[in-house]
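Asks: Quick one: the structure is below, and I'll ask about it shortly.
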């Protein structure tokens, strides 16, 4: 059984990886992925051995709060920004008390200059009050950190909590010594760390605030989509409008869409017209004109006029619901490149705690002065600095932050990745296989020329009258052409359809009732021929002389034109060193012509679904990483076989199960965009990981005091600043993906 839920109380990657590690060891858990950014978890487990309630209990034992839905956070007395501002103010106050005399004695009143026991004690008490206030403002670090430590799942908050608590306890001990006159020399006289506690917490709070704001901005794409989903709709029942919940709408319901309202579910306009904002699908800001017979999609907005529509999907299967599900999956899933960071994070925090304790003991032993309290002070500073400077957050944010921003950017381009692995793998593709109809071409054949042995208007009238009842795209092209030439309609009877061949009916022809046939060449037993040298889709019109003989009256030559800009985008793809193939069920002449005009490397014509499947298998066996680009309708087996499946979707045509990437702008440029965005994202992730590994590799030894003889020791306050800047730098680097642009050359 697969389930998704939310987990509150996670602060860093050590939290999420700890939950994965703990539950992953259980025999009944087949797979689990926990997303720190989304506060979500996807789990697959054996329902015969356990249930979701039992899994929730296991997570609660680890110190976290699993929930089936995210609850609104309790409104605190101070907002995050106010808490941060207060932390800065009180930190400056403590630093002023601690270092004011050092900078200039005139900055402090004489009673606080720490020149004697009384003034030292008074100064320290004021510092303690300021430090306790800052610690209260940052109490979440202590609550979460010690809780995680208690459950043997230490995280970043644990490092902060241990380090600052040790500094506070040491300072309280020094304060006691001053109060009781039990100090040994001038150095140990009132050597407090209250300002270090405050500065560390302030810097960490600043870093976390920047990080959270960036996360929220990156999650805006999903939030904006969810806001597009209306809760109710106007249903027409007995010629009256009834407001109903969207979840109660079923296929076939007639809905009224008012100006300025969102489309509730996918459907088709049956009365009226409108201009719809479909930017959430295609990324294009211009409104799209819709008339009777046109499809409309959930989440899009109607601008001006009202119209009636018939629901073709329920809410669960609507386009908007599928997009939200894809974005959720993409943000919740993990890329393979993140596995290294997860493995390191799983042992990182315990290792740092061990290193800090070892460094403390070593410095206590080897410190150059014989005085114990002086040595203890140096050892404590090293201990706190090592704990505080270590940054599992930089490692944990390196991958998910980049993927989060990349998915937001993708949605603005009309692209949706099924999961993080799809985003990661697209860059590796070296062969792309295209379907032709509806993918490279418009999928709407238009009449190129007409060859007639009878009066042209009569031929058009016969074709129009028979084809008007057909839903086939070729029939629609002929009907549209006949209507443009004002062909009259004839009465038809006895309509018969032979699937894959054509349609016939009895109608008036030259004063008598004749059986007229419209279809491909295999539909006829002609007694005469038509010489047609043009390439294209041939549709013949004839009359049945007998059961075994037909007379051809004329023929239509249709062509399915390539989409605008396809040739240029194919060239862009080939410039990346990618091989291209065209697989189509169309005849050899048409497929060859299309491949030649678009500059595609190879092609297979008259291809059945099995032929396409076999070709992709063959390419994969040769070591190629294959991307299949199709319309998602009849290419499902080929899409499933490919390494990366791209569906050029039109709303409800999307097949989420088959697709790794869905393009709602129905443009081949999306394929190029997906590959380039994948390349940019992985490059960004590697930059983040490089920085995170280098930072921890360099700064942890520095905090241990390896350069002490070079007079380079990091104070706890500087360590706190460095740690904050480390995670902030990863966040800011990830934000650079917002500026990702597709070059047109």
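Please read every residue number as a count from 1 along the shown chain.
Cβ coordinates are placed from backbone N, Cα and C, and glycine is handled just like the others.
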Asks: Do Swiss-Prot's topology records have residue 122 and residue 482 sharing one side of the membrane?
Replies: no
Asks: Between the Cα atoms of residue 631 (Mg(2+) binding site) and residue 15 (Cu cation binding site), find the distance and write it as a whole number of Å.
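Replies: For residue 631 (Mg(2+) binding site) versus residue 15 (Cu cation binding site), the Cα atoms are 41 Å apart.
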Asks: Quick check on the recorded positions 435, 631: which one has the highest count of other Cβ atoms within 10 Å of its Cβ?
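Replies: Result for the most crowded candidate: 435.
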Asks: Are the transmembrane segment (344-366) and the transmembrane segment (717-735) close enough that 3 or more Cβ pairs fall under 8 Å, when only pairs 6 or more apart in sequence count?
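Replies: By the criterion, they do not touch.
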Asks: Considering only the recorded stretches 125-144, 195-215, 344-366, 686-705, state which has the highest number of Cβ pairs under 8 Å to the transmembrane segment (152-172).
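Replies: Most contacts with the transmembrane segment (152-172): 125-144.
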Asks: Counting Cβ pairs under 8 Å to the transmembrane segment (344-366), which of 125-144, 195-215, 686-705 comes out on top?
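Replies: Selected stretch: 686-705, with the most Cβ pairs under 8 Å.
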Asks: The transmembrane segment (195-215): which same-chain residues, six or more beyond its ends, come within Cβ distance under 8 Å?
Replies: 37, 80-81, 83-84, 87-88, 90-91, 94-95, 97-99, 127, 130-131, 134-135, 137-138, 141, 160, 163-164, 167-168, 171, 384, 388, 393, 397, 401, 404, 715-717, 719-721, 723-725, 727-728, 731-732, 734-735
Asks: Please classify the secondary structure at residue 15 (Cu cation binding site) using three-state DSSP.
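Replies: Looking at the DSSP assignment, residue 15 (Cu cation binding site) belongs to a helix.
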Asks: Any idea what the Cα distance is from residue 15 (Cu cation binding site) over to residue 435 (active site, 4-aspartylphosphate intermediate), rounded to a whole Å?
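Replies: That separation, Cα to Cα, works out to 45 Å.
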Asks: Going by DSSP, give the three-state secondary structure for residue 631 (Mg(2+) binding site).
Replies: coil
